[in-house]
């Protein structure tokens, strides 16, 4: 009888260990010892994303409350808004800590939990509509998360300063950085000099910066974890280099993402940004930390399929969500019986015809004539 392939052997071992752990109520043996740290990172990432979902909905609720006040205050004077901001910081800290315990290729795709969690909370507490696409999207996102957790690379490497230095000067990362700088400068030229503000350009700039962010975040978080568990790594210059890269890339990332959200609808920005960010982060983890080294082809294929399911789930959850709640800020003259819309719906507020029907009626002329006489 022919011997089974390495991919089938690895998959069968993973399923066998999982089944034994589920039957006994706990994971045990060598597989547990190898993956318990990764499971801790997964839990931190999931909890961090859920806390961020709660914080976003709290801030959204505070904006709604302020909008219904007769004399609305600035949002930064609302205690409820600051409570949401504090929870956002807690969630980000959970994500930051998760990178110190698990691979980038395992933590980055779990960002879909923030989107699905936000949709669930908005339905429960903000009384938004629950659509069939929401249920389908959540199901696909949870299925993708299950595949990601079970088939992500299980390399358990300690991130010390010497390890980061070794990867930092490796030829794979140097080629990757050179290509990334060339692409970034080209897109920045078209964005700044040519005035091109397409969403794909802005979110590609965000994704390129995100790859440096996740590399530096994992390096800083891993070295802090190594310092706590074994030997301090804070005396090495590479720690502070990575810390500066982390802060700088985060700042510029927020800048370009803010521009994208101002120019385009959130329902378009969120799924595309999740796709670009996750793809960039996974690529950075594969190249810098070599997280898929020695992985079987079938394992990689199922992992990619899990990513696809999570992308599709996020798209379905965010699709057309904001459009259902857009307020109508002015009257649509095309819907008035007996009136035909011949001009702009909303006239210039500084013009004499503001607030009148834009059909060149005599009322507009009489108003302008009276003003001339006065």
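Start at 1 and count along the chain as shown; that gives each residue its number.
Just so you know, glycine gets a Cβ as well, placed from its N, Cα and C.
A quick note: this is a predicted structure, and the numbers were derived from the prediction, not measured.
According to TrEMBL, the features are:
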type     : residues : note
REGION   : 344-374  : region 'Disordered'
TRANSMEM : 37-58    : transmembrane segment
TRANSMEM : 79-101   : transmembrane segment
TRANSMEM : 107-126  : transmembrane segment
TRANSMEM : 135-153  : transmembrane segment
TRANSMEM : 173-190  : transmembrane segment
TRANSMEM : 202-226  : transmembrane segment
TRANSMEM : 238-257  : transmembrane segment
TRANSMEM : 269-289  : transmembrane segment
TRANSMEM : 295-317  : transmembrane segment
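Most Cβ pairs under 8 Å with the transmembrane segment (202-226) belong to 269-289, among the candidate stretches 79-101, 107-126, 269-289, 295-317.
For the transmembrane segment (107-126), the partner stretch with the highest count of Cβ pairs under 8 angstroms, out of 37-58, 135-153, 173-190, 269-289, 295-317, is 37-58. With a cut-off of 8 Å between Cβ atoms, the residues of this chain six or more beyond the transmembrane segment (135-153) that come close are 14, 18, 38, 42, 103, 105-106, 109-110, 112-113, 115-116, 119-120, 291-293, 295, 299, 302-303, 305-317, 319. Beyond the transmembrane segment (295-317), the same-chain residues lying 6 or more positions past its ends with a Cβ under 8 Å from any Cβ of the stretch are 5-8, 10-11, 105, 109, 112, 115-116, 119, 133-134, 136-148, 151-153, 270-271, 274-275, 278, 282. Same-chain neighbours of the transmembrane segment (269-289): 103-105, 108-109, 111-112, 115, 157, 167, 170, 172-173, 176, 199-200, 203-204, 206-208, 210-212, 214-215, 218, 257, 260-261, 307, 310-311, 314-315, 318-319, counting only residues six or more beyond its ends whose CB sits under 8 Å from a CB of the stretch.
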